[in-house]
Amino acid sequence: MCTPSKTLQSCVPFPLDDALLQEVVEKAKDWAIMHGAAMRSKQDFNPDALLFAPFILTPSSFPRKEFQKAVELQPLLNELIHAVAHDSQFLLATLSSTEKVDEFTRALIAIYRTVLDEGIAQTVTLALLRSDYLPNFSDTIKQVEINTIASSFGGISTIMTPMHSYILSELGHREKLVNLPDNKALSGLCDAMVEAWKLQARPSAAILFVVENVTYNICDQRFHEFYIRETYPHVAVVRRTLTQIGEQGRLGPGKELLVGDVEASVVYFRAGYEPGHYFGAGEWDARLLIERSVAIKCPSIQYHLAGTKKVQQALAKPDVLRRFVGDDAPKIEAIRDIFTGLYSLDREEGGDEAVALALADPERYVLKPQREGGGNNVYGADIPAALQAMSSAERSAWILMERIFPPLSTGYMVRPNGPVPPPLVQLVSELGIFGAIIGSKDKVLYNKQIGHMLRTKLSSSNEGGVAAGSGALDSPYLID
C-alpha cells in the first residue's frame, strides 16, 4: 500500500506511561461493557455473553472544517439519493448490465419490477442513510460510499463520545472535551422511525425490525429498540427474521403487513442486505411480501438498489447529477467535490480503458462489487488477477474506484483478547454521517442530518468494518 507520510496531531501526547495505560485500558473496557459498547462473539457465540466492541482508547483527530462540511452536506445527499430511488427508469437502465451477471442484484430487481407492475402500495419511504468519508492527504474529504440499508453503529457510536470524554478526563485532559462534537445519532435514527410510524396513523401497529437469524451486533440494534420503547412507550417494536416473516407473514384486506398477530406499519431492515441472509425461496417471498404491503419500508426496494456501487459510479458522471439536482451549480459543485474517481467496467461504458488504468497502476485503485457488509473489496496488487479471472460480462458487476490515501493518526486499539497493554499503532479513520429522509416521489416531508460515527482501522489494513472484525469504534477529535 502507498503510505502517506502525513500524520495528524494526536489529542494527547503519546506514548502513555505503561502503568497509566494499563489502568486506563481496564477502566475503558469496563466502561464499554457497562454502557453497551459491546457485541456477541463470532468465534465463540453465546447469546448470554457479551464482549466489548473493539475501540480506540482516545478519540482520533479529524479536520474540523471537513467534519462541518460533511454535516452540512448530508441533507443535500439525502435529497439526491431520494430522487435517485424514485427514478425507476434511471435505476433499471443503470443496473441493466449488472442485473445480467449478478444473481443477488437480479433478485432484488425482480422484486422491484413486480411491485412497479402491480403499482407501489406505499409511496412514502423512510431512508436512514450513512455517507462514509475518508480525508485525503490534502485533508479534504472524499466519499467512500453511501449506505442505504442497515446503516449500523448509530447506537454504539452515540456512547463513544461520553466514553472518550471519560477517558480524556481520567488522563487529565478535561479542557479538550470541547473538541468532541455532540452526537445524537441514536435519537435521530429512532425519532425518524417514529415520525414514519405517526404518518401511518395506526396506533396499534408496531415498528418491525428485520434481523439476522443470529445477531452479533446485538447492542447496536437493541439500543434503537429500547430508545423507542423508553421515549415513545405507546409505540410497539417487534423483531423478526426474514425466515419468520416468510412463515408467519400475510397481507390484510387493505395490504396491511401482518406477521402472526402483529400489524407492522414501519419496517426497519437490519438484515436482507447480503445473499447470505436469504436461505431460499421463503426469505425472498418475505421480502416481496413486505414490498407489496402498505408498511413504510426503511429502505424500500428501490432505495436498496439506489445504494449499489454501480449507481454511485453512475452519479459521478457530469451530466447525471444534473438530472437529479437540476442546474443548481453550487449544489452540483458541493456534491462533485466529495467524489473520487469512479469508473464503470462495462465494455460499452469505457470499461476496457478502466481495466487498462487498473492494470497499469493497481495500487491506485479498489475493485468494489455490489455488496454491503464489508470484506468484499479487492485492493492493489490483487486487482490484476481478479480482473483477468473475469469475463467482460462478469466485470459489469463491479466498479473501479480511485483509492483515497488518508492521513495517519496514532493511538491504541483495544480489542477483546488483544495484547495487554495494547501497542501504539498507526491508524486511519473513516467518518460516517447519518441522515434521515421521509417522503414520496414528489414531496419530501422530513430531511435531517442526525449524527455521526467514526470507524478506525490499522493503517496496514484494507478493510475497516467493525462488525466484519477489522476496525474499531472511535469518535472524532476535531482539529484545525
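The backbone N, Cα and C atoms fix where each Cβ goes, glycine too.
Same-chain residues at least 6 positions away in sequence with a Cβ under 8 Å from that of Arg130 (substrate binding site) are, in sequence order, Ile146, Asn147, Ser151, Gly154, Gly432, Ile433, Phe434, Gly435, Met453. Annotation comment: TrEMBL describes Arg130, Gln221, Arg455 as substrate binding site.
Per TrEMBL, ATP binding site is recorded for Glu145, Lys309, 368-377, Tyr379, 401-404, Glu430, Lys457, Glu463.
Residues or ranges marked as Mg(2+) binding site by TrEMBL: Glu145, Asn147, Glu372. Around the Cβ of Asn147 (Mg(2+) binding site), 20 further Cβ atoms fall within 10 Å across all displayed protein chains.
Positions annotated as domain 'Glutathione synthase substrate-binding' by TrEMBL: 206-306.
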Number of helical, extended and coil residues in the domain 'Glutathione synthase substrate-binding' (206-306), per DSSP: 42 helix, 29 strand, 30 coil
Please work out the mean pLDDT for the residues of the domain 'Glutathione synthase substrate-binding' (206-306). 97
